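A.B. asks: I have a structure here, written as structure tokens, and I will follow up with some questions on it.
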Amino acid sequence: MSNRALSVVVLAAGKGSRMFSTLPKVLHPLAGKAMVQHVIDTAMRLGASRIHLVYGHGGELLRERLARQYAPLNWVLQAEQRGTGHAVQQTLTCLRDEEDVLILYGDVPLISPDTLQCLLAARPQGGIGLLTVTLDNPEGYGRIVRLNGEVAGIVEQKDASEQQRQIKEINTGILVAGGEDIKRWLGQLTNKNAQGEFYLTDIIAMAWHEGRKINAVQPTRQTEVEGVNNRLQLARLERLFQREQAERLLLAGVMLSDPDRFDLRGEFRHGQDVSIDTNVILEGQVTLGDRVIIGTGCVLKNVVIGDDVIISPYTVIEDARVAARSTLGPFARLRPGSELEEDAHVGNFVEMKQARLGKGSKAGHLSYLGDAEIGAQVNIGAGTITCNYDGANKHKTHIGDDVFVGSDSQLVAPVTIGRGATIGAGTTVTRDVAEGEMIISRIRQFPLANWTRPVKKK
């Protein structure tokens, strides 16, 4: 394996017309992340010193989505799409003689660092490392031509003879070569072929005619080199990828009720004896402690969940923290900035945002708690609302320990309710409540004399 610096070229200029979308093909998501982001992340994990992104169709949108997250990218425009060789030619002024150059594709998202490390290690001095795969049905792919067992060239499907079309080893397009060599070969490319395009694959024959060795390497899994040209292929690749992730988690001790009905769209850390029911989606950065139970249909995004937490079905949690032994749902929602301390409970149809629920506190039913600091051992009655927005600004509600808030109460912020206070059902709180105080603001109940119920007109 070479000790030289590694430069990675990512080809991402294709329009993707078969996606039938205004979104550039490489920006379509797989497992919650744009396909091209998977490729860039892999290149970064390889320790690439420079990454050149060749873009074309939808370039402004591509730069808008990626430039901030991937500041070191070198953006290279391919104004006219004339083949893979032409795409890499656009980087000629960027490539250095003393580095190795690895070619990747923005629509081949699942290529792994392990496979690429093997490819880099296999590149012979002065030659090419080429990633190939053997398919039962190689229709549509460029075939690997061998002479005396050695790779001698690649012939594209449309240029292949009937005999060559019987070859089952195909080109993935992924290769690595020295900068000085690949620059020379790129300068020799022509478009004298059935497509009238500049094929990157032609450099294989050039290397062979120079007496250079081409070492072929195959990926660990075939899914690593599957490309995406339409939504059907993307959906199939998504399910294959999710199945692989589910199997990995099962082998690591996570209980998945059905591995075919689980989606992981980010990074997942977990403790022991975690149990996840069907149709659960984990997004972003998710951390689950020991013995966490997640019911069917839940969505967790960028969350930290403590030990022994039970999350009942159809609960949605985003950018929040839940401490040990808390319970949520069913149908609860924690929006960004929410936090539950130990042994807290958020029940059905309770929504929290920028709010903290203290140790042992409970909000069991049908409540909205926004911009609120709630102490320990507080009971929030059904239908309670913290009225945090005055039409222009948000305001805080502070609730001390051991407070009891009766059902159907409105707490108009900014307001503070002291420790041990009791709020009667149906009360609208507009002023601070002292410690231990009992308040009630609903009108006195009285009967209406001589009242009769209306009767429907016939």
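Just so you know, glycine gets a Cβ as well, placed from its N, Cα and C.
Below are the features listed in Swiss-Prot for this protein:
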REGION    1-231  region 'Pyrophosphorylase'
BINDING   11-14, K25, Q78, 83-84, 105-107, G142, E156, N171, N229, R335, K353, Y368, N379  UDP-N-acetyl-alpha-D-glucosamine binding site
BINDING   D107, N229  Mg(2+) binding site
REGION    232-252  region 'Linker'
REGION    253-458  region 'N-acetyltransferase'
ACT_SITE  H365  active site, proton acceptor
BINDING   A382, N388, Y389, S407, A425, R442  acetyl-CoA binding site
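Structural setting of the listed features?
C.D. replies: DSSP classifies E156 (UDP-N-acetyl-alpha-D-glucosamine binding site) as coil under the three-state reduction.
Cβ neighbour count for D107 (Mg(2+) binding site): 23 (other Cβ atoms within 10 Å of its Cβ, all protein chains included).
Residue counts for the region 'Linker' (232-252) under DSSP (helix as H, G, I; strand as E, B; rest coil) come to 20 helix, 0 strand, 1 coil.
Cβ neighbour count for H365 (active site, proton acceptor): 16 (other Cβ atoms within 10 Å of its Cβ, all protein chains included).
For R442 (acetyl-CoA binding site), other Cβ atoms within 10 Å of its Cβ number 13. Annotation note: R442 (acetyl-CoA binding site) sits in a coil segment as assigned by DSSP.
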A.B. asks: By CA-CA distance, flag whichever of N229, H365, Y389, S407, R442 among the recorded positions is nearest to G83 (UDP-N-acetyl-alpha-D-glucosamine binding site).
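C.D. replies: When the Cα distances are compared, N229 comes out closest.
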A.B. asks: Do any residues, 6 or more residues outside the region 'Linker' (232-252), come within under 8 Å Cβ-to-Cβ of it, and if so which ones?
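C.D. replies: For the region 'Linker' (232-252), the nonlocal Cβ contacts are 19, 28, 30-31, 109-110, 221, 223, 226, 259-260, 262-264, 268, 270.
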A.B. asks: Of all the binding-site residues given, namely R335, A382, N388, R442, which is spatially nearest to H365 (active site, proton acceptor) at the Cα level?
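C.D. replies: So, of the listed binding-site residues, the one sitting closest to H365 (active site, proton acceptor) is A382.
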A.B. asks: Between N229 (Mg(2+) binding site) and S407 (acetyl-CoA binding site), find the distance joining the two CA atoms and give it rounded to the nearest Å.
C.D. replies: 55
A.B. asks: Nearest of the binding-site residues to N379 (UDP-N-acetyl-alpha-D-glucosamine binding site) by CA-CA distance, picking from D107, N388, Y389?
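C.D. replies: The answer is N388.
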A.B. asks: If you average per-residue pLDDT over the region 'N-acetyltransferase' (253-458), what number do you get?
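C.D. replies: The answer is 98, the mean pLDDT of the model over that range.
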A.B. asks: Going by DSSP, is S407 (acetyl-CoA binding site) sitting in a helix, a strand, or coil?
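C.D. replies: DSSP assigns S407 (acetyl-CoA binding site) to coil.
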